[in-house]
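One structure below.
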Amino acid sequence: MRYFIELSYNGTAYFGWQKQPKVISVQEVIERGLSLLLKETVTIMGAGRTDTGVHAKQMFAHFDTDVVFNEADLVFKLNSFLPKDIAIQSVFKVKPDAHARFNALSRTYLYRISMQKNVFNFDNAYFVKQVLDVEKMQEASKILFQYTDFQCFSKVNTDVKTFNCELMQADWFFENNELHFVIKADRFLRNMVRAIVGTMVQIGLGKLQVDDLHHIIKSKNRSEAGFSVPAHALYLTKIEYPNDIKL
């Protein structure tokens with residue numbers, strides 16, 4: 001039987017989602033908990049691979065097991081076992097061929113920029129001292145929709161079949177003394193969101209012009225784009241699936 005697990009996590013203490021040797025990952029911690037509770041080795045497949053320090057308000061993963069269990073009871077026990085920075089929202093049955101990564105229709109990310117020094121959110125938002133021209137940043141974000149190849153924002157030497165992403169949303173707006181950037185697409189490249197935000201910040205600071213974005217994207221060269229903003233202010237906020245994926 002295949003199950004989806006819905007969760008959220010604060011990524012500060014983890015070296016990303018994906019399990020890797022000698023460092024702690026979100027995937028490893030959850031697999032350890034599931035294996036203990038179900039009394040068998042459980043492997044989970046996540047909807048994506050958030051980098052070191054990145055957070056998730058909503059993440060999905062799937063796993064297979066023939067063990068019979070009460071879903072609500074498993075959620076309660078798993079939350080009791082897991083550390084305080086990982087929370088399970090639900091576990092539910094899905095179709096046998098349902099895949100947390102490949103069946104996802106879209107993913108949405110949020111990046112938080114603090115416009116004033118705040119001792120209570122320096123771990124959760126990126127503090128920018130200078131005044132940003134948000135109007136120009138918003139104008140630049142609309143240029144992104146003219147393109148599908150975002151290799152210029154991808155981490156160098158990333159092993160992918162295509163650099164194409166279908167963008168669905170890219171907006172800047174203010175909320176609670178913070179500047180937020182929300183971006184939604186069918187898929188994202190490694191480091192893509194942080195590189196886009198860094199480039200937009202440079203446009204907001206006047207170090208790049210809005211129209212420079214055309215040259216940057218067409219160059220397909222990471223060194224042409226702006227810097228990567230810190231990971232601690234990036235959140236995976238939503239993943240969407242077809243309605244008929246559940247059993």
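Heads up, the Cβ atoms here are built off N, Cα and C, so glycines get one too.
Keep in mind the model is a prediction, meaning the values are calculated, not measured.
The following features are taken from TrEMBL:
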type     : residues : note
DOMAIN   : 8-103    : domain 'Pseudouridine synthase I TruA alpha/beta'
ACT_SITE : ASP51    : active site, nucleophile
BINDING  : TYR109   : substrate binding site
DOMAIN   : 149-242  : domain 'Pseudouridine synthase I TruA alpha/beta'
Per-state residue totals over the domain 'Pseudouridine synthase I TruA alpha/beta' (149-242) - DSSP helix, strand, coil: 30 helix, 26 strand, 38 coil
For the domain 'Pseudouridine synthase I TruA alpha/beta' (8-103), the mean pLDDT of the predicted model: 97
Recorded positions: ASP51, TYR109 - member with fewest neighbouring CB atoms within 10 Å: ASP51
Alpha-carbon spacing, the residue listed as 'substrate binding site' to ASP51 (active site, nucleophile), which is rounded to whole Å: 13
